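Participant: Below, the features straight out of TrEMBL:
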BINDING   His88, Glu109, His126  Fe cation binding site
BINDING   Cys94, Cys97, Cys134, Cys137  Zn(2+) binding site
REGION    1-20  region 'Disordered'
Amino acid sequence: MASRTAPAVSNEAGRRNSRPRRLVREYMEDCATFSSAQQVHDALRDQGDKVGLATVYRNLQVMAEAGELDVLRHGDGEMLFRKCGEVHHHHLVCRSCGLTIEIAGPAVERWAAKAAEDHRFADVTHSVELFGLCATCAR
């Protein structure tokens, strides 16, 4: 009689912690910039891992929905993903190299809360991304 083991389960509401998800998660843990699904797919392929592009995209989406990744839309509409910090934050993103720095924005938080209150909105969320050139690229 063959023994069977239960599939590994991640913290994501019972979703399987599959090999592709583990590979995507490990890659994103080490990536300092926002990356597209294609970039993640290419990087995994370059290191010898065979994971389909649709699988990479699906796993990035699941991780983003679980709050593990920040998502930003590039100017052309492409979705970019990055491992996010533990607390609410905003981003400074270099338009040239993609370097991303998480920043706090207490004034933005106060403004958002006041705007919501003034217009009688509840359960308001927001995200702020500032784009420019980092010190290295600005030289």
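Heads up, the Cβ atoms here are built off N, Cα and C, so glycines get one too.
Just so you know, TrEMBL annotations are computer predictions that nobody has curated.
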Participant: Note down the number of other Cβ atoms within 10 Å of the Cβ of Cys137 (Zn(2+) binding site), including every protein chain shown.
Facilitator: 13
Participant: By the DSSP assignment reduced to helix, strand and coil, which category contains His126 (Fe cation binding site)?
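Facilitator: The three-state answer is coil.
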Participant: Please report how many Å separate the Cα atom of Glu109 (Fe cation binding site) from that of Cys97 (Zn(2+) binding site), as a whole number.
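Facilitator: One finds 28 Å between the Cα atoms of these residues.
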Participant: For Cys137 (Zn(2+) binding site), what is the secondary structure state per DSSP, taken as helix, strand or coil?
Facilitator: helix
Participant: For Cys97 (Zn(2+) binding site), just count the other CB atoms lying within 10 A of its CB, please.
Facilitator: 13
Participant: List the same-chain residues at least 6 positions away in sequence whose Cβ sits under 8 Å from the Cβ of His88 (Fe cation binding site), in sequence order, or say none.
Facilitator: Glu109
Participant: Hey, does DSSP put His88 (Fe cation binding site) in a helix, a strand, or just coil?
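Facilitator: Where His88 (Fe cation binding site) sits, the three-state DSSP reduction gives coil.
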Participant: Relative to the Cβ position of Cys134 (Zn(2+) binding site), how many further Cβ atoms are located within 10 Å?
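Facilitator: Cβ-Cβ neighbours of Cys134 (Zn(2+) binding site) within 10 Å number 17.
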